[in-house]
Amino acid sequence: MAPSIPDIAQTPQGHEGGAPAPLHVAIIMDGNGRWATQRGWPRLAGHRKGAEQIKKVVQAAPDLGIRYMTIYAFSTENWKRSTQEVLGLMKMFRLMIKREAAELSRQGVELRFIGDRTPLDPLLRETMDAIETRTKGNSKLTLAVAINYGGRDELKRAAQSIARDVAEGKITADEVDEAMISSRLDSAGMPDPDLVIRSSGETRTSNFLPWQAAYSEYEFTPTLWPDFTPDELSDILDRFAGRERRFGGVAS
Ligand code: IPE
Ligand code: IPE
Ligand code: MG
């Protein structure tokens, strides 16, 4: 008997025909420090300019057909930086979220955060919780901001949560499947990214979405993040549209 064909036509979300998949673009916003250093400015000046670019890119995203966007703002490894830079970034995150809350809401953006927020400053966490509540259900664009995010850390926390349920007898080990793991990640409920973009010329993923991006397309651009524009995003999307995604199948 032929082995039954697993139901993987529905692999990465929504690509099984019918309505076009909602486009999820994830961005590793790298190069702020070099952008500032090239100008003889402190690194934080680069982060501030980088934050301005995020606003432009987010504003342009829905018109480019993007429904979900995930941006890497601070990794679990970024604590290795100077206290001044780390504190400066944390302060900037809080101010940005507070300042942009009304505008994001007006634009129909749902803001959420991925990453472990437990070690973050309580004031920052409050601001994060508040904007998540305020923008919940907005449907023009879902923007996930990765703060204190590490893919391995996220998988570790998901494994712990599943292990606890197994230990308590709520589920059996055999019931653990890929969908359950996805549903325990911080990104639960979002489709996997179709495209991951990294700026600044580095060609590595630096612990970003290792599970979710298993079948993503990648684009690496030499542009430093503070110089990245919606026009460049549009060009990248044009190139992406010409790619053939096979998901393990054969060319059509
Ligand atoms: C990315 O820019 C932003 C964060 C990691 C917070 P960098 O700060 O890593 O910039 P470079 O790589 O040093 O130029
Ligand atoms: C990745 O950039 C993290 C963010 C963009 C927030 P890094 O600059 O921290 O990555 P590495 O150290 O070059 O791999
Ligand atoms: Mg960097």
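Just so it is clear, glycine is given a Cβ too, placed from its N, Cα and C backbone atoms.
For the ranges 1-21, 190-210, the feature annotated in TrEMBL as region 'Disordered' maps to 1-21. In this structure, of the recorded positions D30, E217, the smallest number of CB atoms within 10 A of the CB marks E217. Proximity to ligand 2 at the level of Cβ atoms, with a cut-off under 6 angstroms, picks out N78 from the recorded positions W35, N78, T205, E217. A C-beta separation below 8 Å, combined with a sequence spacing of at least six in one chain, links H47 (substrate binding site) to N32, G33, A36, G88, L89, M92.
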